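Novice: Residues or ranges marked as Cu cation binding site by Swiss-Prot on the basis of sequence analysis: His100, Met109, His133. Taken from Swiss-Prot, the feature domain 'COMM' covers 117-185. Positions annotated as region 'Sufficient for interaction with SLC12A2' by Swiss-Prot: 1-122. Marked as region 'Required for binding to PtdIns(4,5)P2' by Swiss-Prot: 124-188.
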Amino acid sequence: MAAELEGSKALGGLLSGLAQEAFHGHHGITEELLRSQLYPEVSLEEFRPFLAKMRGILKSIASADMDFNQLEAFLTAQTKKQGGITSDQAAVISKFWKNHKTKIRESLMNQSRWDSGLRGLSWRVDGKSQSRHSAQIHTPVAIMELEIGKSGQESEFLCLEFDEVKVSQLLKKLSEVEESISTLMQPA
């Protein structure tokens with residue numbers, strides 16, 4: 001079993017398959033597909049623990065967004081651990097991470113974003129022409145139109161109307177947001 005799992009080409013393919021499934025959303029990549037294509041001589045019972053170990057290592061590396069010094073320390077620890085990986089496997093994992101780190105990181109960033117984004121904002125100030133109360137007619141109102149959409153799809157528009165009090169509340173909240181961002185951006 002150990003000899004069959006040592007091949008660097010097969011391990012590189014396995015890591016690519018795991019990355020495609022875990023980080024790039026290709027859900028058709030199953031453990032049976034990986035085993036039959038890359039390790040056909042290994043039984044499913046022997047392959048499962050190896051697959052789980054490699055999946056865990058890859059997820060640990062990606063979730064920590066390891067730089068190459070951290071990666072080297074992590075892989076060295078894995079080679080010294082009982083039931084860990086071999087130094088040849090560590091070399092393949094290191095090479096794989098060096099070649100795929102940027103794409104995996106971008107994919108994780110895209111997965112963590114809110115789907116829709118603000119594409120545009122327009123506003124104007126009008127005089128209110130209709131109201132239940134006659135005293136509110138001809139009072140100024142701010143009308144804001146937000147264009148919201150996902151990339152590659154048609155936008156949706158949201159129209160908001162604010163009186164003077166609501167504009168003041170909105171500006172106060174935006175000032176609080178700006179202050180929080182400024183606080184977080186200051187060097188420690």
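Cβ atoms are placed via backbone N, Cα and C, with glycine included.
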Novice: Go ahead and report the DSSP secondary structure tallies for the region 'Required for binding to PtdIns(4,5)P2' (124-188): helix first, then strand, then coil.
Specialist: 25 helix, 21 strand, 19 coil
Novice: Sequence gap of 6 or more, Cβ distance under 8 Å: name the residues on the same chain that satisfy this around Met109 (Cu cation binding site), in order along the sequence.
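Specialist: Those within reach of Met109 (Cu cation binding site), by Cβ under 8 Å and sequence separation of 6 or more, number none.
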Novice: Average pLDDT across the region 'Required for binding to PtdIns(4,5)P2' (124-188)?
Specialist: 85
Novice: Including all protein chains shown, what's the count of other C-beta atoms within 10 A of the C-beta of His100 (Cu cation binding site)?
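Specialist: Taking all protein chains shown, His100 (Cu cation binding site) has 17 Cβ neighbours within 10 Å.
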Novice: Which of the three DSSP-derived classes (helix, strand, coil) applies to His100 (Cu cation binding site)?
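Specialist: In three-state terms, His100 (Cu cation binding site) counts as helix.
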